[in-house]
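Listed features, source TrEMBL:
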COMPBIAS  35-51  compositional bias 'Pro residues'
COMPBIAS  70-82  compositional bias 'Pro residues'
COMPBIAS  125-162  compositional bias 'Low complexity'
COMPBIAS  211-235  compositional bias 'Polar residues'
DOMAIN    169-344  domain 'DUF8017'
REGION    1-92  region 'Disordered'
REGION    125-168  region 'Disordered'
REGION    206-268  region 'Disordered'
TRANSMEM  101-122  transmembrane segment
Amino acid sequence: MTDDRQWWNQPEYGPGQYSPEQQQPTVHRQDFPPQGMPPHGVPPQGMPPQGVPQQPYEYPPLDSQQPQGQYPPPPYGAPPYGAPSQPYGAPPPRNTNTGMIVALVVAVVVVVAAVAGAAVFLRGSSSDDTSAAATSTRTSTAAAQATSAPPTTETTAPSPSTKAGSTTTAVIPGFQGVAVPSRGVAYDVPAGWKVDSESMIRGFEDGGNRISGTGTTVDGQNYCPSSNRTTTFVSRSDKPDPATAATDVGSMSAQYGFNKPPDATATPPAPITTTGGIAGQMVETSGSWHPDDPACTTTRFSVYTFAFPGPQNPMLVLTIASDRGVPGEVTPDLAAQIFTSIRKL
């Protein structure tokens, strides 16, 4: 950090030359000199003759508020001019907090590293399993702020089994309500689905690219090895309108969660107004899906996305990603029914 009063960074001046900010005042005294001083008119030993400009007698600490070059002469009774003082040309001691800054930077790095490693995008046979045994690239994420690479599983601290699901009263008969406090909204899912805790994050990741959200649920967890039948989450989008946001999130979910299907297609955005009066756009992105494990019989997938303005004006997207052609699949009608239940908390 640069200090404006670091005089050693200022230009040097020869005898009789001073910057405008450093004009040396001429001091006239009418009283007798202090004891130990030579008679009037005779300069002290080591001092230049009177009338020859010289550098101010000292430099204040760097935290001083007095302007540079305007320091008064020492008051009467101060130590004589010949008394030892800081040599001319030596910079004043600097008050630096470099050690503290370095320590803070190290602490921040440690905290960031800890957060980044708090949960890993892995998918295994249970929420407590963080091994990379599976080969599927579909991801189901967990805990706040998580990063990693597929294959995937869920992780939380503490384990999801020790935390209750984030539920609320449903508006669809026979369904259960999912509260999403971080987004200020709620929605309903069928009664048999597992509602995660508020801290859970799920989504999809591939090659460092990721789409994920909170307010998550899962159905058919590990219904075939290392795969969930259905996953839901609410994410934010930086797109300016619901149609673009729903299409964008649907495309990312298909690419990251279903092995970049070459035949993925998206329906035109369809308007939906929820029972809570929220207007948005629904898109279905679908394509072929062949899990690596031959025990998984699904051959297709669908990602349903519904984008809408959130309570605090961010664009929110509820995503429902589901394997198709299997018992318990999510049809377009069921997805639309879930979307109509979205409401403010």
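Positions of Cβ are set from backbone N, Cα and C atoms, glycine also.
Mean pLDDT for the domain 'DUF8017' (169-344) in this predicted model: 95. For the region 'Disordered' (206-268), the DSSP counts in helix, strand and coil order read 16 helix, 24 strand, 23 coil.
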